[in-house]
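Data block below; observations after.
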Amino acid sequence: MTETAQTGRADDEQAALAQTGTTYFRANSSADDATANGRDSVAIGPRAVADGNNSLAIGLNATTSGPGDALSVGMLASSGNAGAVAIGSTVKAFGNNSLAFGYLAESSGVNSVALGSRAAGLIEGAVALGRESTVTGQGSVALGAHSSASADHVVSVGNDDLQRVIRHVAPGEVSAASTDAINGSQLHATDTHLAELSAAIGNVVDNTADSIYFRVGSSTANPTGPGQSVSAGPGARASGGANIAVGADAVASGENNAIAVGHGAHASGYDAVALAVNAVASGVGSVAMGIEATATAARAMALGPYSSATGARSVALGESSVADRDDTVSVGSAQSQRAIIYMRAGAVSATSTDAINGSQLHATNRQLGELARRLSSQVDALEREMDTGERLLDRLEARIARLEGCD
């Protein structure tokens, strides 16, 4: 080839590069090549294997298996079922539509979530959030490092040896049908009323009031992404500035810093994060984690499969939980409630916003029972004195009658 021809070819290549944009990719390894066996699957990294359709495996020995739509990112990351997402080193996501994120994290239950180093969601609907947190109870949530939830449909913030105080809890509704958490200031108000009642009961016998009032009650499109955005997976799209879309049909369309990870995940809010199959984060700074989790309000968090956070700054915690009021934390819904366990005793004062545990309410109930017993005892004593007075009055009237007869 002549020098003139070589120069012309170089010019053509530069022109093509200018039209398509710069692509940065390098590989340095002597290990076996990656393998993409599934239809529309992608495998990147030494010995990476993508077996399921529409699956994506990225990293040394990363693997995806099962029917499809799985995602594995990281060394030895493994996703073994439909819609499973495994992100991190040696992480495992084996449950249908499960999510595991962090070193040695494992999500083996259907629709389970494990977030944090060695976190484990081992049963259907489990949500484990925090280092070495573990959930073995169906539909339960373990929140915080070393927390465990072994009973079904509970929220745990500790374990048998470690309890935590839940603080900054807004006053909950107090009614016969309420499932809201009660804070320390509300219990303090109750204790204050009990103390006032106790003082009043102590004066019942000494008072001489007439009445006492008291009551008790393949043609798939390639991933696209402009500028600093990154997209990976069939049909993945990252638009806006510095956005990330990973997984088949994942979309990160927020104005900036949006992250969508998982098949069909959609992050459209500024700084929004959507993790897992069909998760949606549309509010500014919102987070949706778990299959079909939805966070639509500003800074809302939906953590768990099918959870929904539509109130501003609200948190929906656990499978199918609903947070539809601003500045609230929900651990269930109108149809399904959870107990919060392993909760340390909160402060009881006029300004406390700590959550109150069962032992504190039990102590208040015992005080109320003792007050009721004292009241009953003192009322009985008062009735006996009144009976004695009536008998004396009858005798006096009889004596007066006899004296009048003598006249």
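A Cβ is built for glycine as well, from the same backbone N, Cα and C atoms used for every other residue.
Just so you know, TrEMBL annotations are computer predictions that nobody has curated.
Annotation source TrEMBL lists coiled coil at 365-406. Annotation comment: TrEMBL describes 36-62, 95-119, 124-147, 257-275, 281-307, 309-333 as domain 'Trimeric autotransporter adhesin YadA-like head'. For 166-209, 345-381, the entry in TrEMBL reads domain 'Trimeric autotransporter adhesin YadA-like stalk'.
Counted with DSSP, the domain 'Trimeric autotransporter adhesin YadA-like head' (95-119) comes out as 0 helix, 8 strand, 17 coil. Between the domain 'Trimeric autotransporter adhesin YadA-like head' (124-147) and the listed ranges 36-62, 281-307, 309-333, 345-381, the one holding the most Cβ pairs under 8 Å is 309-333. Confidence across the domain 'Trimeric autotransporter adhesin YadA-like stalk' (345-381), taken as the mean pLDDT and rounded to a whole number, stands at 84. Residues 111, 125, 127, 139-141, 143, 153, 155, 169-170, 179, 181, 283, 286, 288, 290, 293-303, 340 of the same chain lie 6 or more positions beyond the ends of the domain 'Trimeric autotransporter adhesin YadA-like head' (309-333) yet place their CB under 8 Å from a CB of it.
In the domain 'Trimeric autotransporter adhesin YadA-like head' (124-147), helix, strand and coil residues by DSSP number 0 helix, 8 strand, 16 coil. For the domain 'Trimeric autotransporter adhesin YadA-like head' (36-62), the residues of the chain that approach it from at least six positions outside its boundaries are 29, 68-79, 82, 218, 220, 232-234, 246-248, 263, judged by C-beta separation under 8 angstroms. A Cβ distance under 8 Å defines the sequence-distant neighbours of the domain 'Trimeric autotransporter adhesin YadA-like head' (281-307), meaning residues of its chain 6+ beyond its ends; these are 83, 97-99, 111-113, 115, 125, 127, 129, 141, 258, 260, 266-275, 313-323, 326. Taking Cβ pairs closer than 8 Å, the domain 'Trimeric autotransporter adhesin YadA-like head' (95-119) reaches residues 81-89, 125-135, 145, 262, 275-277, 289-291, 303-306, 319 in its own chain, all 6 or more past its ends.
Taken through DSSP, the domain 'Trimeric autotransporter adhesin YadA-like head' (309-333) splits into 0 helix, 8 strand, 17 coil.
Assigned with DSSP, the residues of the domain 'Trimeric autotransporter adhesin YadA-like head' (36-62) fall into helix, strand and coil as follows: 0 helix, 10 strand, 17 coil.
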